[in-house]
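Quick look at what TrEMBL annotates:
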SIGNAL    1-29  signal peptide
DOMAIN    26-221  domain 'GH16'
ACT_SITE  GLU107  active site, nucleophile
ACT_SITE  GLU111  active site, proton donor
CARBOHYD  ASN115  N-linked glycosylation site
Amino acid sequence: MAYSSCSSSLVRILLTSFIGSTFVVLASASNFYQDVDITWGGDGRAKILNSGGLLTLSLDKTSGSGFQSKREYLFGKIDMQLKLVAGNSAGTVTAYYLSSQGPTHDEIDFEFLGNLSGDPYILHTNVYSQGKGNREQQFYLWFDPTADFHTYSILWNPRRIIFSVDGTPIREYKNPESLGVPYPKNQPMRIYSSLWNADDWATRGGLVKADWSKAPFTASYRNFNEHACIWSSGKSSCNSNTPSNNAWLNQELDATSQERLKWVQKNYMIYNYCTDSKRFPQSFPPECAINRSS
């Protein structure tokens with residue numbers, strides 16, 4: 001892999017050499033002690049284990065827990081491996097997302113909505129720009145996300161946002177500025193994650209409540225990886241001189257990835273706001289013209 005001024009959280013021990021104007025970087029594993037801050041969930045509900053290689057969040061009737069990245073980003077590719085709450089997870093939400101702050105914030109969401117034992121998780125995605133969201137797509141997964149770790153990725157560059165699961169794209173959101181719709185591109189964002197009680201809406205519209213006799217509920221994280229433009233002191237680590245071999249900055253879906261995206265959307269998508277005529281009886285939001293489906 002080749003990188004220049006853009007950072008990777010995998011970089012701990014660097015072996016670098018110049019090839020033209022490019023650094024070649026060999027990197028070791030990520031470390032949650034160096035990458036994140038625990039922001040919510042005292043009394044040991046959020047734990048960093050295995051010398052920084054594993055992070056767990058827990059939820060009980062008293063409180064949930066959460067963390068945020070130490071760094072801010074303005075574009076990047078973010079990967080995290082998660083193993084979700086097993087068994088009866090009804091009423092729980094595990095959120096993993098990029099967000100800025102303030103009333104006109106930008107946000108790129110993965111939310112995992114728990115369910116009764118044996119019923120599938122719902123993977124909820126959303127994109128906010130300048131404080132406006134309501135751009136939901138929801139999916140079932142083609143595996144049990146509680147049995148093992150799986151990789152959930154957000155690629156965010158100036159042209160598109162791509163949500164992926166184990167390297168398979170599930171959603172592409174193209175920059176709709178040409179249609180007069182704002183796109184997240186000016187506000188640096190952090191990674192946030194939390195496990196919290198949402199039994200007023202998360203499972204079957206709130207009809208199924210959390211079973212607190214099964215608490216604590218626990219989600220696990222490992223292998224956090226960022227290839228990103230780090231935002232610090234008002235400046236980005238990437239600039240106009242960034243070499244084009246930082247492929248994620250210009251990445252788009254190739255033909256194979258487009259076919260995989262179509263497969264997911266045909267077989268596993270369960271909600272798409274761009275086809276919800278009851279919600280939008282007059283006309284669909286403008287960005288749906290380029291983001292309806294793939």
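Placed from the backbone N, Cα and C atoms, the Cβ positions cover glycine too.
TrEMBL does not curate its annotations; it predicts them automatically.
For the domain 'GH16' (26-221), the predicted model reports an average pLDDT of 92. Residue environment of ASN115 (N-linked glycosylation site) contains 20 other Cβ atoms, counted within 10 Å of its Cβ in all protein chains.
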